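Worksheet: the structure to be examined is printed underneath.
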Amino acid sequence: MPVQGSQRRLLGSLNSTPTATPHLGLAANQTGARCREVSIPDGLFLSLGLVSLVENVLVVTAIAKNRNLHSPMYCFICCLALSDLLVSGSNMLETAVTLLLEAGALVARAAVVQQLDNVIDVITCSSMLSSLCFLGAIAVDRYISIFYALRYHSIVTLPRAQRAIAAIWVASVLCSTLFIAYYDHAAVLLCLVVFFLAMLVLMAVLYVHMLARACQHAQGIARLHKRQRLAHQGFGLKGAATLTILLGIFFLCWGPFFLHLTLIVLCPQHPTCSCIFKNFNLFLALIICNAIIDPLIYAFRSQELRRTLKEVLLCSW
């Protein structure tokens with residue numbers, strides 16, 4: 001796949017269009033000091049990937065070990081951790097191979113390197129897509145548990161969850177394979193952007209509706225106990241803050257990458273867009289940061305999972 005400068009080969013095709021390449025130098029001259037590339041050292045990439053790898057391995061291990069966590073909700077959380085694990089692991093592998101090749105410690109034919117690059121691209125793309133899907137699945141699961149509490153266990157059964165998980169993985173692999181094969185088509189990039197926006201809207205609508213229901217419930221309790229009105233106000237502020245953090249982190253970590261894809265379609269030759277293209281590695285680093293944050297939001301808040309994790313860590317010593 002074509003790449004530019006020091007940028008990683010992994011997903012490098014997203015940041016190189018034949019028509020835009022001659023304009024990169026022009027962008028630097030026209031925008032001057034404003035056109036800056038945020039350099040991401042390889043050591044930082046490896047460190048972020050390692051932290052994410054350890055976190056998500058612990059989540060998967062804890063859920064696999066404790067049978068009490070073999071519910072649909074934790075199955076989705078486990079698959080999210082596995083997706084984030086693959087995102088981090090593939091980036092670490094790509095960075096390590098690149099460093100070894102540049103240092104001359106690893107010798108391989110160009111065809112072999114190209115095949116390895118394509119495999120890593122497919123793994124990374126499929127894990128990104130599956131990660132977004134499982135974030136949406138977790139939101140849907142929580143929504144059903146709140147609005148259809150009495151019927152939850154008949155609606156969200158383990159077999160249905162397993163079928164949904166299998167469908168997500170298969171669809172992610174197939175879509176990522178097509179994406180790698182036709183990465184230079186604008187329609188492919190637009191499909192990815194639309195998919196991201198759909199997941200963002202889905203999560204925002206569901207979580208806002210859940211927050212409204214929780215505030216309504218707290219308000220009803222406050223009416224019965226007038227002294228608890230201040231507590232109700234505090235609950236509303238806390239819920240709004242939690243929702244803002246959850247959606248804010250999702251948008252901050254994933255948004256720049258999909259903005260990058262959008263600009264490739266809309267303005268591949270514009271100097272300002274070319275400046276944004278130079279920060280492709282930063283956008284990948286933000287996605288890895290999201291893989292670090294996901295366990296803190298969705299997994300480690302569970303008391304049962306933390307207890308199991310503590311047992312796993314104690315047994316390993």
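Even glycines carry a Cβ here, placed using N, Cα and C.
Quick look at what Swiss-Prot annotates:
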type	residues	note
TOPO_DOM	1-37	topological domain 'Extracellular'
CARBOHYD	Asn29	N-linked glycosylation site
TRANSMEM	38-63	transmembrane segment
TOPO_DOM	64-72	topological domain 'Cytoplasmic'
TRANSMEM	73-93	transmembrane segment
TOPO_DOM	94-118	topological domain 'Extracellular'
TRANSMEM	119-140	transmembrane segment
TOPO_DOM	141-163	topological domain 'Cytoplasmic'
TRANSMEM	164-183	transmembrane segment
TOPO_DOM	184-191	topological domain 'Extracellular'
TRANSMEM	192-211	transmembrane segment
TOPO_DOM	212-240	topological domain 'Cytoplasmic'
TRANSMEM	241-266	transmembrane segment
TOPO_DOM	267-279	topological domain 'Extracellular'
TRANSMEM	280-300	transmembrane segment
TOPO_DOM	301-317	topological domain 'Cytoplasmic'
LIPID	Cys315	S-palmitoyl cysteine
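Cβ atoms under 8 Å from those of the topological domain 'Cytoplasmic' (301-317) belong to residues 58-59, 61-63, 65-66, 68-69, 74 of the same chain, restricted to positions at least 6 beyond its ends.
Contact check: the transmembrane segment (38-63) against the transmembrane segment (280-300) gives at least three Cβ pairs closer than 8 Å, residues 6 or more apart, which meets the contact criterion.
Looking just at the topological domain 'Extracellular' (1-37), the mean pLDDT is 43. A Cβ distance under 8 Å defines the sequence-distant neighbours of the transmembrane segment (73-93), meaning residues of its chain 6+ beyond its ends; these are 10, 45-46, 48-50, 52-53, 55-57, 59-60, 63-64, 120, 123-124, 126-128, 130-131, 134-135, 137-138, 141-142, 145, 156, 158, 161-162, 165, 168-169, 284, 287-288, 290-291, 294-295, 298-299, 302, 305.
Other C-beta atoms found within 10 angstroms of the C-beta of the residue listed as 'S-palmitoyl cysteine' number 8, with every protein chain shown included. Here the listed stretches are 119-140, 192-211, 241-266, 280-300, and the one with the most C-beta pairs under 8 angstroms to the transmembrane segment (164-183) is 119-140. Only residues 6 or more beyond the boundaries of the transmembrane segment (280-300), in the same chain, are considered here, and those with a CB under 8 A from a CB of the stretch are 7-8, 10-12, 14-15, 38-40, 44-45, 48-49, 51-52, 55-56, 58-59, 62, 77, 80-81, 84-85, 87-88, 91, 128, 131, 135, 138, 246, 249-250, 252-254, 256-257, 260, 306, 309. With helix defined as DSSP H, G or I and strand as E or B, the topological domain 'Cytoplasmic' (141-163) counts 20 helix, 0 strand, 3 coil.
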